[in-house]
Amino acid sequence: MRLLTAILTLLASVYTFAADSDRPQFTFTAIPDQNEAELVRRFQQVAEYLGEELGADVKYIPVKSYPAAITAFRNNQVQLAWFGGLSGVQARKAVPGSEAIAQGYEDQFFKTYLIAHRDAGLEASDEFPKAIAGKTLTFGSKGSTSGRLMPEFYIREAFNEAPREVFSRVGFSGDHSRTIALVQSGAYEVGAVNYAVWDKAVASGEVDTDLVSVIWTTPTYADYQWTVRGDVDEQFGPGFKEKLTRALLNLEDESILQSFPRSGFVPADNDTYQAIENTAKSIGLLDDF
Amino acid sequence: MSTAIGFLTQTRSLRKLTFYFALLAVACLALADIDISTGSPGHELWLMGRGLLTPQVPDWQQWLDAVIYTLTFSLQGVVLAAAVGFLFAVYYHLTWVRVVAALLRSVHEVFWALIFIQIFGISTLAGVLAIVLPFSGTMAKVYGEQLEEIDSRPARAVHDRAESGLSHFFYTRLPLALHAMRNYTAYRMECAIRSSVVLGFIGLPTLGFHLETALRTGEYSAASALLFTLLALIYSLRYWFRARLLWVLVPLAFFVRPVSGDWHSANFAQFLRDCIPAPLREDWALEKSGRWLLWLGEQIGAGAWNTVLLAQIVLVLTGLFALLTSTMNSSHFVSGWRRRLGDGFLLVLRSLPEYLLNFIFLIVLGPSMLPAILAMTLHNGAIIGHLLGKHSDEVAPAVMESGPLSRFAYFYVPTLYQRFLAYCFYRWEIIIRETAMLGVLGIPTLGFYIDSAFEFLRFDVALILIAASAVLTLCADSIARRLRRQFLPAY
């Protein structure tokens, strides 16, 4: 019985911090496109910054997959999210009235790198490297813009065939950090990776550039953005969306910006991503048959 | 004389049956993709080994929270599933009850969770429901069979005018099956802990959530701490999962982590609309619908083919592994501390969910079907091996003295073979269901296409593919039942 009392008190104490408060809490998430620890570090800083700027209780919740981020956004479990180009398009379709409000400066001209393991014997070139046919290839997440949509588009354009016809094996690593790790370990010969994640990993010495190197760069396209639900003003008071947009555009904290890595945020709107939507449709990732 | 002939022909047919299954598995193996594609698996293994020896919890509060969620999910899930399963078992003689139970358990809890997350958000309700539905289907089946197997004489003896259903049931049938049912419920609690850990891998806040992060980022010390926590939770079950404590623990579980979900009727309506096949929902032209159907058919075809291919290999390897390792838990071969050690090894293997094992093998061996084959063989083989070894204790020792090898070949295997096959056939549908689900991790079984459909919010496609995986499971179940009836009439 004494054991039971002990367990009871322990659990009751845990219960108190699990309980929800009544105050509406502003919550946001981000697509899990890289190493989770890094994301948590980055977005907890963002949460603190937004909390101060908005004078509200702001919380970041990590999710395990791209669709989980979209689902949380649709169910109003989060009101704001850092989406990729394609996941943003999907999310705004799922929540009518939602808007892209800001993108990173670099996101206006984003790129994908094709990287290859040394043993694959591929040379860097400006032309699309047709020699990758027959190798093994890993994308990032299935719903990633830079890790799947854009590279798949250029692969289809070059070979006029689906990736699984072109390569001997096609995989989905789940995120960009994992793509780099898998190509470096030799599990895949070629990988498609977000250029910003690659450059940062190279700069911080996480990549053995003797083993893996960039062999091709895609033309530029629009990518990541902050998307907010249309009903935030009703939930958090009039003018909230505007205040939020201003806070994001004015974000100048060096350590936060470097963690993205972005040099700053600039305005964006839904039309910015029309080209992404068209590309996704053209390769059958969004319903169009 | 006639019985002797019957025995001979039957062993021969069992031999033939085994031969065909093995032949099929070899054929499948020839077609399967089983490369080791990592350059240096040894290095990663060394890092993992080092992590295993240096477990470390980076954040105790997070750890405690995950442990509580893991326990409450499984406790709530099992208790509710036991209640529903029991109700089903009472009426298990009705065909529609059996059909509903079979349908519920033919869909893996990971797929249920993916569906419920869409409806209730990432919430306790989604997690608990994902455990309750398939578990109640399984428990209905086992409870129902346990009730059928009891001695029917007491029930027939009290055959007076008031043959009312319920009190008749409670006084003449239930008491006889109660012991077996309690043991089975305790075993399901173990399964539920495993399941709730697996649900963490797809985003619910259990131990699996942090385990996935730790494994993915190569923090093997944190991963091993979580792994040992899982083993400790399962091992400690025998001390606290008891009828007397449950009166306190179950209400406590519902109090500490109340079951709640995010419910928005507009979202639900939208979800239901999205579940209508796209050609009907969007009113597509015939040609466009044709392309959609073709695309869907390709996925079902490729997914089902790979699922069956992989499952048949795993079934035979599981049997082989189980037959060999069962000797580690059998009084015919080992005793004392060596047996405890052997059984401990099997229990540890059994405690690790195949999803987790597959995840680890993928890191070490790289992408192919090999990680899934290993993961499922070890997990399922350990379950059957443990049971078979325990069962062998009931068999009287061999009359003739002989060495362990000939004892194994000429005494142990022949006497236990029917029981062994019965276990394997029981496991078959589970192996099919797991194979389909493991596609979520990247092998092109049905789960791969289901995961892709969820990724692009194509719920209509996801549901159709889930239905296809359910049909495969039901087929395996029905073939296994027929084979059991034909070849193993005693089981």
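Glycine too: its Cβ is placed from the backbone N, Cα and C atoms.
The domain 'ABC transmembrane type-1' feature in TrEMBL is assigned to B:67-239.
According to TrEMBL, the transmembrane segment annotation covers B:66-90 (among others).
Feature annotation from TrEMBL assigns transmembrane segment to B:110-133 (among others).
Annotation source TrEMBL lists transmembrane segment at B:223-241 (among others).
As annotated by TrEMBL, transmembrane segment applies to B:309-334 (among others).
The transmembrane segment annotation in TrEMBL covers B:355-388 (among others).
Nonlocal intrachain contacts for the transmembrane segment (B:456-476), taken as residues 6+ away from its ends with a CB within less than 8 angstroms of a stretch CB, comprise 102-103, 105-108, 111, 114-115, 118, 271, 274-278, 281, 296, 299-300, 303-304, 307-308, 311, 428-429, 431-433, 436-437, 446-447, 449-450. Per TrEMBL, the feature transmembrane segment maps to B:456-476 (among others).
Of the ranges B:110-133, B:223-241, B:309-334, B:355-388, the one with the most Cβ pairs under 8 Å to the transmembrane segment (B:66-90) is B:110-133. Same-chain residues lying 6 or more positions outside the transmembrane segment (B:355-388) and placing a CB less than 8 Å from one of its CB atoms are 32-38, 41, 44-45, 48, 110, 197-198, 201, 208, 211-212, 215, 306, 310, 313-314, 317-326, 328-330, 343, 346-347, 349, 416, 419-420, 423-424, 427, 430-431, 434-435, 437-438, 441-443, 445.
Listed as Cβ neighbours of the transmembrane segment (B:309-334) (distance under 8 Å, sequence separation of 6 or more from its ends, same chain) are residues 21-22, 24-25, 28-29, 31-32, 341-343, 345-346, 369, 372-373, 376-378, 380-390, 392-393, 395, 397-398, 404, 407-408, 411-413, 416, 420, 423-424, 427-428, 431-432, 435, 443, 445, 476.
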